[in-house]
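To start, the structure itself, in structure tokens.
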Amino acid sequence: MSARHFLSFMDFTPDELVAVIRRGIELKGLRNRAVLHEPLKNRVLGMIFEKSSTRTRLSFEAGMIQLGGQAIFLSTRDTQLGRGEPIEDAAIVMSSMLDAVMIRTFAHSTLTRFAAHSNVPVINGLSDDLHPCQLLADMQTFLELRGAIQGKTVAWVGDGNNMCNSYVEAAIQFGFQLRVACPEGYEPDPRFLAKAGDRVTLTRDPREAVRGAHLVSTDVWTSMGQEEEAEQRLARFAPFQVTRELLDLAAPDVVFMHCLPAHRGEEISHDLLEDPRSAAWQQAENRLHAQKALLEFLVTPAYRAE
Ligand code: CP
Ligand code: NVA
């Protein structure tokens, strides 16, 4: 199968990632100037959701419409996937009708199995392992606000989850230093850490991670699929809340990011999203622009050849 996929940051070269992010900024400018740009006319994106979503669904759906195409929402509850149709069979059939497929799933292997049988690009809209589309938006936001992230220091405070794993991959691809502060037993996946070498360091002390950092990011303590652990996690993560006082230890021009949805009073203090150092709303909007650039890159080969 010759299609390019975006299941992880490692599927693109660093130059390709930067090109997509820069293009996201251009597309944002076009939209802000109300310039019509419809390179994906008659193209259709299928979106398979095993988990809930607000931003991912909206940004892909609105993005496809703005690019002149269409998006179809498919819940596993309403398709034969929910009744046991093999993912490989679904991939063959769906990719014969669609121009790209986005999947939000539990097991990352659902994505790799689908991609192995798909003739069209497959995009990871979040798995238990990774959330690369969110990292495109995060990297675009940092570039807009502070310029290149290469050589900067990023602190991840909280759960070593799918978002954190994607930060590990971003540290490799964008050349920044990542400090992860998490409780014992909640580290990022060792498979990703092994690739990162000394680009990533682990600590149990959020203050140590944040000191002098240029970007501080966190995420919920209980991800989708872990609901039964919620109570136990609340207790384990309590010392890892990101507050204004914690951010005061970071670089004076630190940017705070949260992929959202946020739980105020848990991973962040009640006032943090309203703090001037928070870029969470810009970051959320950039899902739209960065993913439009991704779709343009993956679905229109003519653009890629330029
Ligand atoms: N950040 C993010 O992926 O949000 P949704 O779960 O709302 O899609
Ligand atoms: N880590 C969170 C991210 C949600 C966008 C989850 O997987 O639920």
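Glycine residues also receive a Cβ, built from the backbone N, Cα and C atoms like all the rest.
Worth saying up front: this structure is predicted, and the values here are computed from it rather than measured.
The feature carbamoyl phosphate binding site is assigned by TrEMBL to Ser53, Thr54, Arg55, Thr56, Gln80, Arg104, His131, Pro132, Cys133, Gln134, Cys259, Leu260, Arg287. Sequence-distant neighbours of Ser53 (carbamoyl phosphate binding site) (same chain, 6+ residues apart, CB-CB distance under 8 A): Arg104, Gly125, Leu126.
The L-ornithine binding site annotation in TrEMBL covers Asn162, Asp219, Ser223, Met224. Cβ environment of Asp219 (L-ornithine binding site): Gly158, Asp159, Asn161, Met163, Cys164, His258, Cys259, Glu267 lie under 8 Å away, each six or more residues apart in the same chain.
Under the heading domain 'Aspartate/ornithine carbamoyltransferase carbamoyl-P binding', TrEMBL lists 4-144. If you take every residue in the domain 'Aspartate/ornithine carbamoyltransferase carbamoyl-P binding' (4-144) and average the pLDDT, you get 97.
The domain 'Aspartate/ornithine carbamoyltransferase Asp/Orn-binding' feature in TrEMBL is assigned to 150-297.
Listed in chain order, the extra residues whose Cβ falls within 8 Å of the Cβ center of the L-ornithine site residues Asn162, Asp219, Ser223, Met224 are Leu126, Asp128, His131, Asp159, Asn161, Met163, Val220, Gly225, Gln226. Ligand 2 lies within reach of Asn162, Asp219, Ser223, Met224 from the binding-site residues Arg55, Gln80, Asn162, Asp219, Ser223, Met224, judged by a C-beta closer than 6 angstroms to any of its atoms. Listed in sequence order, Lys51, Ser52 are the same-chain residues six or more apart from Met224 (L-ornithine binding site) with CB atoms under 8 A from its CB. Here the domain 'Aspartate/ornithine carbamoyltransferase carbamoyl-P binding' (4-144) has, by DSSP, the following mix of helix, strand and coil residues: 71 helix, 21 strand, 49 coil. Comparing Asn162 (L-ornithine binding site) with Gln80 (carbamoyl phosphate binding site), their Cα atoms are 27 Å apart once rounded. Among the binding-site residues Arg55, Asn162, Asp219, Arg287, the residues whose Cβ lies under 6 Å from any atom of ligand 1 are, in sequence order, Arg55. Within 10 Å of the C-beta atom of Cys133 (carbamoyl phosphate binding site) sit 25 other C-beta atoms, taking all shown protein chains into account.
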